[in-house]
Amino acid sequence: MEQINQVLSIAQDPKQSRWIGRTLLALDALLCAAIIWKIPYTEIDWTTYMQHIKLYVKGEQDYAYLTGSTGPLVYPGLHVYIYRALYAITGEGENILLGQIIFAGLYLTTLSVVMSCYRNAKAPPYIFPLLVMSKRLHSIFMLRMFNDCFTVLFMFSAIYFYQKKSWNLGSVCFTCGLGVKMNIILIIPGLAFIFLQGLGVDRSFTQGLIMLQSQGLFAYEFVKVNWQSYLSHAFQFNRQFLYRWTVNWRFIPETIFLSTPFSTALLGLHAAILLVFATTRWTAPSRRSLKATIRLFLTDPDSEPADRIGMRITPDYIMTTLLTANAIGMLCARSLHYQFYSWIAWATPYLLWRAGVGPVGVYGVWALQEWAWNVYPSTDASSMAVVGCLAVQVFGVWWGTRKDHPVPSGDASDAEKKKEI
(Lines of atoms letter the chains of each structure in order from A and count residues from 1; the text may use other names and numbers.)
(Lines give C-alpha, C1' and ligand atoms only; values in the text may rest on other atoms or scores of the structure.)
Protein backbone atom coordinates (compact mmCIF):
# COMPACT_ATOMS: atom_id res chain seq x y z
CA MET A 1 0.00 0.00 0.00
CA GLU A 2 2.84 2.36 0.82
CA GLN A 3 4.38 1.82 -2.62
CA ILE A 4 1.04 2.51 -4.30
CA ASN A 5 0.71 5.73 -2.32
CA GLN A 6 4.22 6.75 -3.40
CA VAL A 7 3.37 6.16 -7.05
CA LEU A 8 0.16 8.16 -6.71
CA SER A 9 2.06 10.94 -4.98
CA ILE A 10 4.62 11.10 -7.79
CA ALA A 11 1.86 11.09 -10.41
CA GLN A 12 0.27 14.15 -8.77
CA ASP A 13 3.46 16.08 -7.95
CA PRO A 14 4.40 18.71 -10.57
CA LYS A 15 7.96 18.69 -9.21
CA GLN A 16 8.40 15.22 -10.70
CA SER A 17 7.39 16.28 -14.19
CA ARG A 18 10.89 17.20 -15.38
CA TRP A 19 12.46 13.73 -15.13
CA ILE A 20 9.22 12.05 -16.20
CA GLY A 21 9.03 14.31 -19.24
CA ARG A 22 12.63 13.64 -20.20
CA THR A 23 12.10 9.89 -19.90
CA LEU A 24 9.02 10.04 -22.11
CA LEU A 25 10.84 12.23 -24.62
CA ALA A 26 13.67 9.70 -24.90
CA LEU A 27 11.24 6.82 -25.36
CA ASP A 28 9.31 8.77 -27.97
CA ALA A 29 12.52 9.42 -29.89
CA LEU A 30 12.95 5.66 -30.21
CA LEU A 31 9.33 5.34 -31.32
CA CYS A 32 9.85 8.01 -33.99
CA ALA A 33 12.83 6.11 -35.35
CA ALA A 34 10.80 2.89 -35.45
CA ILE A 35 7.92 4.62 -37.27
CA ILE A 36 10.20 6.00 -39.97
CA TRP A 37 11.92 2.65 -40.36
CA LYS A 38 8.87 0.38 -40.43
CA ILE A 39 5.85 2.39 -41.66
CA PRO A 40 5.61 3.59 -45.28
CA TYR A 41 5.39 7.32 -46.00
CA THR A 42 1.96 8.51 -47.20
CA GLU A 43 1.81 11.11 -49.96
CA ILE A 44 -0.82 13.80 -49.41
CA ASP A 45 0.51 17.37 -49.66
CA TRP A 46 4.31 17.08 -49.72
CA THR A 47 4.54 16.78 -53.51
CA THR A 48 2.21 19.75 -53.97
CA TYR A 49 4.29 21.81 -51.54
CA MET A 50 7.37 20.99 -53.61
CA GLN A 51 5.58 21.85 -56.87
CA HIS A 52 4.73 25.28 -55.45
CA ILE A 53 8.32 25.80 -54.39
CA LYS A 54 9.69 24.68 -57.75
CA LEU A 55 7.68 27.44 -59.43
CA TYR A 56 8.88 29.92 -56.80
CA VAL A 57 12.51 28.91 -57.36
CA LYS A 58 12.03 29.54 -61.07
CA GLY A 59 11.05 33.12 -60.24
CA GLU A 60 7.27 33.07 -59.87
CA GLN A 61 6.11 35.36 -57.05
CA ASP A 62 2.47 35.86 -57.97
CA TYR A 63 0.29 33.63 -55.79
CA ALA A 64 -2.24 33.42 -58.63
CA TYR A 65 0.22 31.24 -60.56
CA LEU A 66 1.74 29.18 -57.74
CA THR A 67 -0.27 25.99 -58.22
CA GLY A 68 0.27 22.26 -57.77
CA SER A 69 -1.43 18.93 -58.39
CA THR A 70 -3.84 19.32 -55.46
CA GLY A 71 -4.47 23.03 -55.82
CA PRO A 72 -3.04 26.54 -55.50
CA LEU A 73 -0.75 27.81 -52.77
CA VAL A 74 -2.98 28.98 -49.90
CA TYR A 75 -0.41 29.62 -47.16
CA PRO A 76 1.41 32.83 -46.16
CA GLY A 77 4.98 33.74 -47.04
CA LEU A 78 6.87 32.05 -44.21
CA HIS A 79 5.49 28.71 -45.38
CA VAL A 80 7.21 29.35 -48.70
CA TYR A 81 10.55 30.15 -47.06
CA ILE A 82 10.45 27.10 -44.77
CA TYR A 83 9.58 24.69 -47.55
CA ARG A 84 12.09 26.41 -49.83
CA ALA A 85 14.74 25.35 -47.33
CA LEU A 86 13.33 21.82 -47.21
CA TYR A 87 13.25 21.79 -51.01
CA ALA A 88 16.99 22.46 -51.07
CA ILE A 89 17.89 20.10 -48.23
CA THR A 90 15.90 17.15 -49.59
CA GLY A 91 17.01 17.44 -53.21
CA GLU A 92 13.91 19.15 -54.57
CA GLY A 93 11.75 17.04 -52.26
CA GLU A 94 12.97 13.72 -53.63
CA ASN A 95 14.75 12.53 -50.47
CA ILE A 96 11.65 11.60 -48.50
CA LEU A 97 13.60 9.77 -45.79
CA LEU A 98 15.65 12.85 -44.97
CA GLY A 99 12.46 14.89 -44.85
CA GLN A 100 10.95 12.42 -42.40
CA ILE A 101 14.02 12.61 -40.18
CA ILE A 102 13.77 16.40 -40.18
CA PHE A 103 10.11 16.19 -39.20
CA ALA A 104 10.94 13.70 -36.46
CA GLY A 105 13.30 16.33 -35.06
CA LEU A 106 10.55 18.92 -35.45
CA TYR A 107 8.13 16.63 -33.59
CA LEU A 108 10.53 16.06 -30.68
CA THR A 109 11.38 19.76 -30.48
CA THR A 110 7.70 20.68 -30.35
CA LEU A 111 7.04 17.98 -27.76
CA SER A 112 9.85 19.36 -25.61
CA VAL A 113 8.36 22.86 -25.78
CA VAL A 114 4.89 21.50 -24.97
CA MET A 115 6.26 19.71 -21.90
CA SER A 116 7.96 22.92 -20.79
CA CYS A 117 4.64 24.76 -21.07
CA TYR A 118 2.99 22.05 -18.98
CA ARG A 119 5.68 22.34 -16.32
CA ASN A 120 5.35 26.13 -16.24
CA ALA A 121 1.61 25.69 -15.63
CA LYS A 122 2.32 23.11 -12.90
CA ALA A 123 0.36 20.36 -14.63
CA PRO A 124 0.58 16.96 -12.87
CA PRO A 125 2.89 14.27 -14.31
CA TYR A 126 0.08 11.74 -14.74
CA ILE A 127 -1.12 13.53 -17.89
CA PHE A 128 2.34 13.62 -19.50
CA PRO A 129 2.16 10.08 -21.01
CA LEU A 130 -0.77 11.24 -23.15
CA LEU A 131 1.58 13.67 -24.89
CA VAL A 132 3.49 10.80 -26.52
CA MET A 133 0.72 8.27 -27.15
CA SER A 134 -1.08 9.70 -30.19
CA LYS A 135 -0.92 7.56 -33.32
CA ARG A 136 -2.47 10.30 -35.47
CA LEU A 137 -0.03 12.95 -34.25
CA HIS A 138 3.02 10.84 -35.11
CA SER A 139 1.50 10.26 -38.55
CA ILE A 140 0.89 13.97 -39.18
CA PHE A 141 4.52 14.80 -38.49
CA MET A 142 6.56 11.87 -39.79
CA LEU A 143 4.37 10.20 -42.40
CA ARG A 144 2.66 13.27 -43.94
CA MET A 145 4.99 16.22 -43.18
CA PHE A 146 2.19 18.81 -43.09
CA ASN A 147 2.97 22.50 -42.59
CA ASP A 148 0.67 22.46 -39.54
CA CYS A 149 3.62 20.93 -37.70
CA PHE A 150 5.60 24.17 -37.90
CA THR A 151 2.64 26.29 -36.86
CA VAL A 152 2.04 24.13 -33.79
CA LEU A 153 5.70 24.54 -32.81
CA PHE A 154 5.39 28.32 -33.13
CA MET A 155 2.10 28.35 -31.18
CA PHE A 156 3.49 26.47 -28.19
CA SER A 157 6.73 28.46 -28.37
CA ALA A 158 4.62 31.62 -28.14
CA ILE A 159 2.79 30.19 -25.13
CA TYR A 160 6.12 29.33 -23.50
CA PHE A 161 7.57 32.83 -23.94
CA TYR A 162 4.35 34.48 -22.82
CA GLN A 163 4.44 32.31 -19.69
CA LYS A 164 7.97 33.61 -19.07
CA LYS A 165 6.76 37.20 -19.69
CA SER A 166 9.09 37.45 -22.69
CA TRP A 167 6.37 39.28 -24.57
CA ASN A 168 8.33 40.28 -27.66
CA LEU A 169 9.68 36.78 -28.26
CA GLY A 170 6.21 35.37 -27.74
CA SER A 171 4.74 37.73 -30.30
CA VAL A 172 7.48 36.90 -32.81
CA CYS A 173 6.68 33.20 -32.41
CA PHE A 174 2.96 33.87 -32.76
CA THR A 175 3.39 35.86 -35.95
CA CYS A 176 5.73 33.18 -37.34
CA GLY A 177 2.94 30.68 -36.80
CA LEU A 178 0.57 33.02 -38.62
CA GLY A 179 3.16 33.33 -41.35
CA VAL A 180 2.93 29.58 -41.98
CA LYS A 181 -0.81 29.01 -41.67
CA MET A 182 -3.65 31.28 -40.63
CA ASN A 183 -5.30 28.81 -38.24
CA ILE A 184 -3.37 30.29 -35.34
CA ILE A 185 -5.70 33.30 -35.41
CA LEU A 186 -8.06 31.18 -33.29
CA ILE A 187 -6.08 32.12 -30.17
CA ILE A 188 -6.22 35.88 -30.82
CA PRO A 189 -9.32 36.51 -28.63
CA GLY A 190 -7.59 34.95 -25.63
CA LEU A 191 -4.36 36.72 -26.47
CA ALA A 192 -6.17 40.06 -26.46
CA PHE A 193 -7.22 39.55 -22.82
CA ILE A 194 -3.72 38.49 -21.82
CA PHE A 195 -2.21 41.57 -23.46
CA LEU A 196 -4.79 43.97 -22.05
CA GLN A 197 -4.43 42.78 -18.46
CA GLY A 198 -0.74 41.94 -18.59
CA LEU A 199 0.58 44.87 -20.59
CA GLY A 200 -2.07 47.55 -20.83
CA VAL A 201 -3.24 49.26 -23.98
CA ASP A 202 -0.02 51.00 -25.06
CA ARG A 203 2.27 47.99 -24.71
CA SER A 204 -0.37 45.75 -26.30
CA PHE A 205 -0.27 48.07 -29.28
CA THR A 206 3.49 47.52 -29.45
CA GLN A 207 2.95 43.76 -29.63
CA GLY A 208 0.52 44.32 -32.47
CA LEU A 209 3.14 46.33 -34.34
CA ILE A 210 5.68 43.53 -33.91
CA MET A 211 3.23 41.09 -35.45
CA LEU A 212 2.26 43.43 -38.27
CA GLN A 213 5.85 44.25 -39.19
CA SER A 214 6.80 40.57 -39.19
CA GLN A 215 3.91 39.73 -41.50
CA GLY A 216 5.00 42.53 -43.79
CA LEU A 217 8.49 41.05 -43.90
CA PHE A 218 7.17 37.58 -44.80
CA ALA A 219 4.83 38.94 -47.44
CA TYR A 220 6.91 41.71 -49.01
CA GLU A 221 8.25 40.01 -52.14
CA PHE A 222 4.83 38.58 -52.95
CA VAL A 223 2.81 41.69 -52.14
CA LYS A 224 4.96 43.90 -54.35
CA VAL A 225 4.06 41.66 -57.32
CA ASN A 226 0.33 41.20 -56.66
CA TRP A 227 -0.94 42.11 -53.20
CA GLN A 228 -4.53 41.15 -53.96
CA SER A 229 -3.54 37.67 -55.07
CA TYR A 230 -1.37 37.18 -51.98
CA LEU A 231 -4.02 38.24 -49.48
CA SER A 232 -6.84 36.32 -51.17
CA HIS A 233 -4.82 33.10 -51.28
CA ALA A 234 -2.73 33.24 -48.08
CA PHE A 235 -5.64 34.40 -45.90
CA GLN A 236 -8.61 32.69 -47.49
CA PHE A 237 -11.60 33.39 -45.24
CA ASN A 238 -14.22 32.45 -47.83
CA ARG A 239 -12.81 29.03 -48.60
CA GLN A 240 -15.31 26.35 -49.65
CA PHE A 241 -14.89 23.04 -47.85
CA LEU A 242 -15.59 19.58 -49.26
CA TYR A 243 -17.96 17.36 -47.31
CA ARG A 244 -15.91 14.27 -48.16
CA TRP A 245 -12.96 15.46 -46.06
CA THR A 246 -14.78 16.72 -42.97
CA VAL A 247 -13.84 15.04 -39.71
CA ASN A 248 -16.22 16.91 -37.43
CA TRP A 249 -19.58 17.35 -39.21
CA ARG A 250 -20.03 14.03 -41.01
CA PHE A 251 -23.15 13.30 -38.93
CA ILE A 252 -25.14 16.13 -40.51
CA PRO A 253 -26.51 15.97 -44.09
CA GLU A 254 -24.29 17.35 -46.85
CA THR A 255 -26.93 19.88 -47.90
CA ILE A 256 -26.88 21.42 -44.44
CA PHE A 257 -23.08 21.27 -44.24
CA LEU A 258 -22.76 23.28 -47.46
CA SER A 259 -25.48 25.79 -46.60
CA THR A 260 -24.92 29.42 -45.67
CA PRO A 261 -27.23 29.27 -42.61
CA PHE A 262 -25.08 26.48 -41.14
CA SER A 263 -21.85 28.46 -41.51
CA THR A 264 -23.58 31.54 -40.11
CA ALA A 265 -24.85 29.57 -37.13
CA LEU A 266 -21.35 28.27 -36.39
CA LEU A 267 -19.95 31.79 -36.59
CA GLY A 268 -22.64 33.00 -34.19
CA LEU A 269 -21.96 30.10 -31.81
CA HIS A 270 -18.25 30.90 -31.90
CA ALA A 271 -18.91 34.53 -31.00
CA ALA A 272 -21.36 33.55 -28.25
CA ILE A 273 -18.96 31.13 -26.54
CA LEU A 274 -16.13 33.66 -26.74
CA LEU A 275 -18.41 36.23 -25.14
CA VAL A 276 -19.27 33.84 -22.31
CA PHE A 277 -15.59 33.24 -21.55
CA ALA A 278 -14.78 36.93 -21.96
CA THR A 279 -17.40 37.98 -19.43
CA THR A 280 -17.07 35.14 -16.92
CA ARG A 281 -13.54 33.69 -17.10
CA TRP A 282 -10.89 35.63 -18.99
CA THR A 283 -11.05 38.71 -16.74
CA ALA A 284 -10.08 36.59 -13.71
CA PRO A 285 -6.78 38.45 -13.12
CA SER A 286 -8.58 41.80 -12.93
CA ARG A 287 -11.25 40.53 -10.51
CA ARG A 288 -13.60 42.87 -12.31
CA SER A 289 -16.34 42.66 -14.87
CA LEU A 290 -15.38 42.91 -18.52
CA LYS A 291 -16.68 46.47 -18.71
CA ALA A 292 -14.81 47.54 -15.58
CA THR A 293 -11.59 45.90 -16.77
CA ILE A 294 -11.67 47.71 -20.09
CA ARG A 295 -12.53 51.00 -18.39
CA LEU A 296 -9.62 50.67 -15.95
CA PHE A 297 -7.01 50.09 -18.65
CA LEU A 298 -8.39 52.78 -20.94
CA THR A 299 -8.73 55.51 -18.31
CA ASP A 300 -5.99 54.75 -15.76
CA PRO A 301 -3.52 52.20 -17.18
CA ASP A 302 -0.67 53.25 -14.86
CA SER A 303 -2.62 52.86 -11.63
CA GLU A 304 -1.58 50.53 -8.81
CA PRO A 305 -4.57 48.19 -9.39
CA ALA A 306 -3.50 47.77 -13.02
CA ASP A 307 0.00 46.80 -11.88
CA ARG A 308 -1.40 44.22 -9.47
CA ILE A 309 -3.56 42.77 -12.23
CA GLY A 310 -0.49 42.34 -14.42
CA MET A 311 1.15 40.29 -11.68
CA ARG A 312 -1.80 37.88 -11.75
CA ILE A 313 -1.17 36.92 -15.38
CA THR A 314 0.22 33.53 -14.38
CA PRO A 315 1.60 30.74 -16.60
CA ASP A 316 -1.47 28.58 -16.01
CA TYR A 317 -3.82 31.46 -16.83
CA ILE A 318 -1.95 32.14 -20.07
CA MET A 319 -1.93 28.51 -21.16
CA THR A 320 -5.54 27.89 -20.18
CA THR A 321 -6.79 31.03 -21.93
CA LEU A 322 -4.94 30.44 -25.21
CA LEU A 323 -5.63 26.72 -25.47
CA THR A 324 -9.29 27.27 -24.61
CA ALA A 325 -9.61 29.95 -27.30
CA ASN A 326 -8.12 27.49 -29.77
CA ALA A 327 -10.50 24.71 -28.68
CA ILE A 328 -13.50 27.04 -29.00
CA GLY A 329 -12.46 27.84 -32.56
CA MET A 330 -12.08 24.16 -33.41
CA LEU A 331 -15.45 23.30 -31.85
CA CYS A 332 -17.14 25.89 -34.07
CA ALA A 333 -15.05 25.27 -37.19
CA ARG A 334 -16.88 24.81 -40.48
CA SER A 335 -14.73 21.79 -41.27
CA LEU A 336 -11.78 20.06 -39.63
CA HIS A 337 -9.37 17.93 -41.64
CA TYR A 338 -7.17 15.18 -40.25
CA GLN A 339 -4.00 17.27 -40.04
CA PHE A 340 -5.83 19.75 -37.80
CA TYR A 341 -5.61 17.20 -35.01
CA SER A 342 -2.12 18.56 -34.39
CA TRP A 343 -3.85 21.71 -33.12
CA ILE A 344 -5.68 19.99 -30.28
CA ALA A 345 -3.79 16.75 -29.53
CA TRP A 346 -1.22 18.32 -27.20
CA ALA A 347 -3.79 20.68 -25.68
CA THR A 348 -6.38 18.06 -24.73
CA PRO A 349 -4.64 16.52 -21.67
CA TYR A 350 -4.10 19.96 -20.17
CA LEU A 351 -7.62 21.21 -20.87
CA LEU A 352 -9.19 18.06 -19.44
CA TRP A 353 -7.06 18.42 -16.33
CA ARG A 354 -8.17 22.04 -15.96
CA ALA A 355 -11.75 20.87 -16.46
CA GLY A 356 -11.36 18.85 -13.27
CA VAL A 357 -12.65 15.57 -14.68
CA GLY A 358 -10.08 13.48 -12.79
CA PRO A 359 -7.52 10.97 -14.13
CA VAL A 360 -10.15 8.49 -15.35
CA GLY A 361 -12.03 11.25 -17.17
CA VAL A 362 -8.84 12.67 -18.69
CA TYR A 363 -7.71 9.32 -20.07
CA GLY A 364 -11.22 8.31 -21.12
CA VAL A 365 -12.02 11.44 -23.12
CA TRP A 366 -8.52 11.48 -24.60
CA ALA A 367 -8.90 7.86 -25.76
CA LEU A 368 -12.29 8.57 -27.33
CA GLN A 369 -10.92 11.60 -29.16
CA GLU A 370 -7.86 9.68 -30.35
CA TRP A 371 -10.08 6.91 -31.69
CA ALA A 372 -12.33 9.38 -33.49
CA TRP A 373 -9.46 11.09 -35.29
CA ASN A 374 -8.06 7.74 -36.43
CA VAL A 375 -11.26 6.62 -38.15
CA TYR A 376 -10.86 7.01 -41.93
CA PRO A 377 -13.01 7.97 -43.63
CA SER A 378 -14.95 9.66 -40.86
CA THR A 379 -18.32 8.25 -39.86
CA ASP A 380 -21.36 9.63 -38.09
CA ALA A 381 -20.12 8.10 -34.83
CA SER A 382 -16.53 9.31 -35.16
CA SER A 383 -17.54 12.86 -36.08
CA MET A 384 -19.98 13.05 -33.17
CA ALA A 385 -17.13 11.92 -30.92
CA VAL A 386 -14.85 14.64 -32.33
CA VAL A 387 -17.41 17.37 -31.63
CA GLY A 388 -18.38 15.87 -28.28
CA CYS A 389 -14.79 15.70 -27.02
CA LEU A 390 -14.15 19.30 -28.04
CA ALA A 391 -17.35 20.35 -26.26
CA VAL A 392 -16.26 18.51 -23.10
CA GLN A 393 -12.95 20.38 -23.16
CA VAL A 394 -14.46 23.81 -23.78
CA PHE A 395 -17.35 23.67 -21.34
CA GLY A 396 -15.36 21.53 -18.91
CA VAL A 397 -12.74 24.26 -18.64
CA TRP A 398 -15.46 26.86 -18.18
CA TRP A 399 -16.84 24.89 -15.23
CA GLY A 400 -13.49 23.75 -13.85
CA THR A 401 -12.06 27.27 -13.67
CA ARG A 402 -15.10 28.87 -12.02
CA LYS A 403 -13.17 29.43 -8.77
CA ASP A 404 -10.50 31.34 -10.69
CA HIS A 405 -12.99 34.20 -11.05
CA PRO A 406 -14.03 35.20 -7.51
CA VAL A 407 -15.76 38.40 -8.60
CA PRO A 408 -18.04 37.71 -11.59
CA SER A 409 -19.26 41.28 -11.74
CA GLY A 410 -18.55 44.70 -10.29
CA ASP A 411 -15.45 46.83 -10.24
CA ALA A 412 -13.17 44.99 -7.80
CA SER A 413 -13.03 42.68 -4.85
CA ASP A 414 -13.63 44.16 -1.38
CA ALA A 415 -10.02 43.52 -0.43
CA GLU A 416 -8.73 45.34 -3.46
CA LYS A 417 -11.11 48.25 -2.91
CA LYS A 418 -9.71 48.65 0.61
CA LYS A 419 -6.17 48.75 -0.79
CA GLU A 420 -7.18 51.46 -3.22
CA ILE A 421 -8.71 53.72 -0.55
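Here the Cβ of each residue, glycine as well, is placed from N, Cα and C on the backbone.
TrEMBL has this to say about the protein:
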TRANSMEM  20-39  transmembrane segment
TRANSMEM  96-118  transmembrane segment
TRANSMEM  139-162  transmembrane segment
TRANSMEM  182-201  transmembrane segment
TRANSMEM  256-278  transmembrane segment
TRANSMEM  350-369  transmembrane segment
TRANSMEM  381-399  transmembrane segment
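Highest Cβ pair count under 8 Å relative to the transmembrane segment (381-399), across stretches 139-162, 182-201, 256-278, 350-369: 350-369. Counting residues 6+ beyond its ends, the transmembrane segment (20-39) has Cβ neighbours under 8 Å at 10, 97, 100-101, 104, 107-108, 111-112, 115, 118-119, 125, 128-129, 131-132, 138, 142-143 in the same chain. Here the transmembrane segment (182-201) has long-range neighbours at 75-76, 148, 151, 154-155, 162, 165, 167, 174, 207, 234-236, 274, 278, 282-283, 285-286, 293-294, 297-298, 301-302, 306, 309-310, 312-313, 317-318, 321-326, 328-330, 340, 343, meaning same-chain residues at least 6 beyond its ends whose C-beta is under 8 angstroms from one of its own.
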